[in-house]
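Each remark here refers to the structure printed beneath this line.
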Amino acid sequence: MPADSTQDEDAVLSYGMKLTWDINDPQMPQEPTHFDHFREWPDGYVRFIYSSQEKKAQRHLSGWAMRNTNNHNGHILKKSCLGVVVCARACALKDGSHLQLRPAICDKARLKQQKKACPNCHSPLELVPCRGHSGYPVTNFWRLDGNAIFFQAKGVHDHPRPESKSETEGRRSALKRQMASFYQPQKRRSEEPEARSTQDIRGHLNSTAALEPTELFDMTADTSFPIPGQPSPSFPNSDVHRVTCDLPTFQGDIILPFQKYPNPSIYFPGPPWGYELASSGVTGSSPYSTLYKDSSVVPDDPDWIPLNSLQYNVSSYGSYERTLDFTARYHSWKPTHGKPSLEEKVDCEQCQAVPTSPYYNLELPCRYLPVPAAGTQALQTVITTTVAYQAYQHPALKHSDSMQEVSSLASCTYASENLPMPIYPPALDPQEGVIQAASPSGRAPLKVPGDCQAPRPTLDFPQEADPSGTDGADVWDVCLSGVGSVMGYLDRTGQPFSFDNEDF
């Protein structure tokens, strides 16, 4: 071949071949004046002297597939040829040449390479080893000494040249570009359905009507709506509450998941109603302005707690919302059925005193003075009317043990219908407490002894100085109903009261 002959001539004419030296000599030629050109395909027993500034020589570059081998001399680099990788069927390429691949340097990579198929005919590949040096691979030696790099080759390659390292790198890069161009459309095609599915999902989410913010449900009191845990219905004119839940779905301890309704209407019982007394600085918060309001349909409220004969509403949160229950228990009134008898009459000399202390005894006796004139009977009528204001009919009422008949109330005169009557609450001194009641004849004071004083409210009411008060007492204007209202209430309840052989 012309290339081989030219290379042989260059080897004969090389400067390194003119000098006598061996790579294993202890002393190498010093300061050579000429250097050889770099040879990529050295073959045969040749010697070259390269300059230490030659880049390819510094890299120990060779067209043959050479790998590093063990060398006991640290100053000499020894490399052996690996051979060439060819097709097992010796197929020809389009240009008529044969496939001659460069063997991999790593042993594992080389074994993996042999298992691959020929890219041209898909036949298996095989490695043709180099045996050009007396049955051993051709060996190349590199040694740096001074300003020269000495190169020596031993053996003649008995196999065809593999593709060079630059050619191999170019082929690999071209193959990578081809594979990238092959997978890129597939990747785009695979990404397009994902993008379309994502857009579909987004479009579905966008098309779905967004949930409106939780509406503030208007809460109004309704006496016909039962609420578990609060059986007492509320009354009109109560405060409007706003919550964000659906109470009709609550059934005891079972809480169903929240469901949104377009226009829910949930009802809460409003604040319980109480009394309303007109006085200086004391005004109840009840929506009912009179004491004779019919309360026969009002059931027991579990939120009411009797303390000191006063009804406290534990669910009330207003500082001025208090409910004072003037019940028949204060004066040992006793319901009767049928004809009144001696056992069913009320003893006014034995009544239950209700002190302001939180600890009291219900059995403590209290006595009234002897029955005074007509003005006092009007006061007794006031007490009877107050009993008609009883809002809670407890099933078990305490009765007084001792009974005593009281003088007849035949001469008792009743207040006219809805006539305001001032009542003076007891003063600080129990002995000087004055209570006046309205009657056709006017106001008549009544002295109450200390052991049977009227119950005082223990609640905190805003008190103001009353210039018209008598002995520091406040005037309470109570709108009382006539006898008709009281009798109508008693007829509906079916429990008339007997007081001194007189049925009411």
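Including glycine, each Cβ sits where the backbone N, Cα and C put it.
Keep in mind that what you see is a predicted model, and the values were worked out from it rather than measured.
Together with Cys81, His157, His159, Swiss-Prot lists one candidate of Cys118, Cys121, Cys130 for binding Zn(2+) 1, that being Cys130.
For Cys91 (Zn(2+) 2 binding site), the spatially nearest entry among the binding-site residues Cys81, Cys130, His157, His159 is His159, judged by CA separation. Counting only same-chain residues six or more apart in sequence, the Cβ atoms lying under 8 angstroms from the Cβ of Cys81 (Zn(2+) 1 binding site) belong to Trp64, Ala65, Met66, Cys130, Gly132, Pro137, Val138, Thr139, Asn140, Gly155, His157.
Cα distances from His159 (Zn(2+) 1 binding site) to the binding-site residues Cys87, Cys118, Cys121 are smallest for Cys87. Note on the compositional bias 'Basic and acidic residues' (155-172): DSSP counts are 8 helix, 0 strand, 10 coil. Same-chain residues that are not part of Cys81, Cys130, His157, His159 yet have a Cβ within 8 Å of the Cβ center of the Zn(2+) 1 site turn out to be Trp64, Leu82, Gly83, Val84, Pro129, Arg131, Gly132, Pro137, Val138, Gly155, Asp158. The Zn(2+) 2 site, placed at the center of the C-beta atoms of Cys87, Cys91, Cys118, Cys121, has further neighbours from the same chain whose C-beta lies within 8 angstroms: Ala88, Arg89, Ala90, Leu99, Pro119, Asn120, His122, Ser123. Within the set of binding-site residues (Cys87, Cys91, Cys118, Cys130), the lowest number of other Cβ atoms found within 10 Å of a Cβ is recorded at Cys91. Using a 10 Å radius centred on the Cβ of His159 (Zn(2+) 1 binding site) and all shown protein chains, the other Cβ atoms total 20.
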